[in-house]
Amino acid sequence: MLRFILTRVSLVIPTFLGITFLTFILIRLVPGDPIEVRVGERGIPPERLAQFRHELGLDQPLWQQFLDYVGNVLSGDFGVSLITRNSVFDEFVTLFPATLELAFCAMLFATLVGLPAGILAAVKRGSLFDHGVMGLSLTGYSMPIFWWGLLLILFFSVGLGWTPVSGRLDLLYYVEPATGFMLIDTLMAGEYGAFWSALHHLVLPTIVLGTVPLAVVARMTRSAMLEVLGEDYIRTARAKGLADRRVIGMHALRNALIPVVTVIGLQVGTLLGGAILTETIFSWPGVGKWLIESIGRRDYPALQGGVLLIATAVILVNLLVDVLYGVLNPRIRHAR
Amino acid sequence: MTTEISTPSQSPAAAPAPVTRPPHPLVEFWYHFKQNKGAMLGLVVIVAIALVALFAELLAPHDPNIQFREAILAPPVWYDAGTWRFILGTDDIGRDMLSRLMYGARLSMMIGLIVVTLSLAVGLGLGMIAGFFGGTTDVLVMRFMDILLSLPSLLLAVVVAAILGPGLTNAMLAVSVVVIPHYARLTRAAVLAEVNKDYVIASRVAGAGPLRLMLIVVLPNCLAPLIVQATLGFSTAILDAAALGFLGLGAQPPTPEWGTMLASSLQFLQRAPWVVTWPGVAILVTVLAFNLLGDGLRDALDPKLKR
């Protein structure tokens, strides 16, 4: 078991180094000298320019710069934002819980709706319900989610006034951030009104961000269930007179869940990518919106650090899913 | 032929078809494909959009960039104030929505075509090289692909577009880079499955060089999964390019790209919902059509699913 985990962890290290290299190189591709971009139109005396270069290590050979960068990253130094002068890591850590909370709710929504829909569609294969679920999930999969968000705002927020248009919490409330997760913080503070408000703010972004994963989960569940329902042990279970519900719920579902769990794990990357759009539409104060704003402000250190941190988060979640999967499924653990 | 010779007494008309030749692969493919109603619908929609894109000059009622100052935010024809002059209404500076959507179709089809061609070419090349040469080359290429895959695709596209600078060309480049790994992986897997088969070894022994082996011997037998992926790639390309346009990193106004059109009329969402509705509908319908077609192609081309 330990060996399995160690192998998986060691496989991640080259990927992480590769991502670090990629972000390092990408920022070098920005047209223009970083210092000249920073001083702008004013111009700067050559000796000051040389001094700046030296301070920032830009006079070193490229490989030296990269090693320095990796060293900094490993010690938690992801650079300093050009605009706010705050550490990129600190900014990221303050905003990340908002993104995480949203992504978690979206995944929960996708699973809670997608799983039953997929199971029912498989059980009633060929029925109107099946066609409906498959049609809807293909539509969801094709949905431009930025537009979907706007439609929902237009209908539920503007038209019916049921949900707020943007943000995380009503301006009426202030809750001291403890965990950064609004739902937990408000409950811990005992502010039930604020909790209710936070929940209201979450509804539309959750639906929007959860739409694509929902479609994927429903389709995957259906096809996994269809495959399992054709197996011999299902026929055996039916033949020995078990109730339909028990055959489907116990015998089929458990085995069908294996590929579904993998797919759910793989959706984490999609979710964090989709968060960029969702957060922009709903002014959700998370890392996605922050990243887009950094691009608009040409804050390249923030962009570089943010991308590296998000990529690291995705890699870590995938690693976690991988390990969990091995724990749940001995066949994977013992393969090679 | 042989049956005819052995039974010359029978008249050819009375003879029950003696030898049934297997149908041409294309005929067989079409037979399976035709039965998938969704895929047929997708195909019809795509052909229609392609025709609109091709003949936008003839079909569009107005120039997409002409501003009708007297008809700013004119509603579509079914509203009380709507007129047949602007069937789908006009935007915030009085440009005809329908005409802009039609020219937008041209852009989206072009984006799909260029992105798929570019990423397919590079991915195919990399996958072929990795699959054929194996060893260190394989490890290096596929590791790099894994790194690209570990980044969320939209995030990577956003970063590449931000660094290259906003614009349609750069957005297309960014989206192409993001999808290369999918083609590379598929090609490599297909090549690995084919490369040790007898017909490949035979042509190797016959003296075929590596290029001939790759492109003429092996490639045609790896095409099925790539065709499916390329079709689905159209929808990813159109969707991602529109998302970049929406974020201000893709095509710039006044280009009538659907995502850009959406972004530039956001503040009129309440007053004139049609300026936001139609570009989104156009994106959704196009992407959905390509996804339907891709699913149908997969079912028809995958021998495992054939009955």
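Any Cβ shown, glycine's included, is placed from N, Cα and C.
Taken from TrEMBL, the feature transmembrane segment applies to A:12-30, A:100-123, A:144-165, A:198-218, A:256-282, A:302-328. Among the features that TrEMBL reports, domain 'ABC transmembrane type-1' is placed at A:96-325.
Relative to the transmembrane segment (A:100-123), the listed stretch A:198-218 leads the set A:12-30, A:144-165, A:198-218, A:256-282 in CB pairs under 8 A. Taking residue pairs at least 6 apart in sequence, the transmembrane segment (A:12-30) and the transmembrane segment (A:144-165) share fewer than three C-beta contacts under 8 angstroms. Using a Cβ-Cβ cut-off under 8 Å and counting only residues 6 or more beyond its ends in the same chain, the transmembrane segment (A:12-30) has close neighbours at 37, 62, 65-66, 69-70, 73, 300, 303-304, 307-308, 311-312, 315, 319.
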